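Reading through the structure tokens given below for one structure.
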Amino acid sequence: MSFFLTYAADSEEYILKPAGYGLLIVLLAALLFVIYRLGKASLKTQQMQTKQLVYCSAAMALAVVTSFIKVASLPFGGSITLFSMMFICLIGYIYGARTGLITGLAYGILQFIVEPYIYAPLQVLLDYPLAFAGLGLAGFFSSKKHGLIIGYLVGIFGRYICHVLSGYIFFAAYAPEGMNPFFYTLGYNATYIVPEAIATVIVFSLPPVAKAIAQVKKQAISS
């Protein structure tokens, strides 16, 4: 493990070494290849495969950029961003759960490369790849009535559960004295996920936005 990480005793966390970043980049590239291959299994032409990869890559890029536009940041991690969760959920809505989950997983690794925090291996899995893969659950509702909003809410709930588990298992010590750690982590993670969710649902409910997203979906899956 020391080949990829080094322990910083002053901050009580692990720091990625260059080899660690290299491994993550390889994993990210492998997941992008998987997305491309998934397109081959479900789409008819190579042009559509390429289009799917472009849309997924663009969604991840937009999610990263908007994740840096923070309305508010919490002291122990987590922030209200400019609709960053929306883009990964949209991939699930457009291409279905399988592509959405893989794209979310890849985005989680990308977020880890950009803003890594390593307390323990399971914590990393819960807070990055698994949490953001949860956003891809939106794809299970891609063909349902009101699937855009329902899928988005299910996707962010999947992310929320992962962060709650991470908080309860690894960061219970940060709970105020006398407060139940489980209820603390439930409330803490809700303070940044719920406001962004409410704002996003309001935006999704606007007729021009809903119409624009429907048009994007039509273009994304057209040959």
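For all residues, glycine too, the Cβ spot is worked out from N, Cα and C.
Please treat TrEMBL annotations as automatic predictions, because they have not gone through curation.
Going by TrEMBL, these are the annotated features:
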{"type": "TRANSMEM", "residues": "20-39", "note": "transmembrane segment"}
{"type": "TRANSMEM", "residues": "51-69", "note": "transmembrane segment"}
{"type": "TRANSMEM", "residues": "75-94", "note": "transmembrane segment"}
{"type": "TRANSMEM", "residues": "101-119", "note": "transmembrane segment"}
{"type": "TRANSMEM", "residues": "125-142", "note": "transmembrane segment"}
{"type": "TRANSMEM", "residues": "149-172", "note": "transmembrane segment"}
{"type": "TRANSMEM", "residues": "192-214", "note": "transmembrane segment"}
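Non-local neighbours of the transmembrane segment (192-214) in the same chain are 71-72, 74, 78-81, 83-86, 90, 93, 148-149, 152-153, 156, 159-160, 163; each lies 6+ residues outside the stretch with a CB under 8 Å from one of its CB atoms. Annotation: stretch 101-119 has the most Cβ pairs under 8 Å to the transmembrane segment (20-39), among 51-69, 75-94, 101-119, 125-142, 149-172.
Taking every recorded stretch in 51-69, 75-94, 125-142, 149-172 and counting its Cβ pairs under 8 Å to the transmembrane segment (101-119), the highest total belongs to 125-142. Listed as Cβ neighbours of the transmembrane segment (51-69) (distance under 8 Å, sequence separation of 6 or more from its ends, same chain) are residues 32, 35-36, 38-39, 43, 79, 81-88, 90-91, 94-95, 99, 103, 106-107, 110-111, 114, 220.
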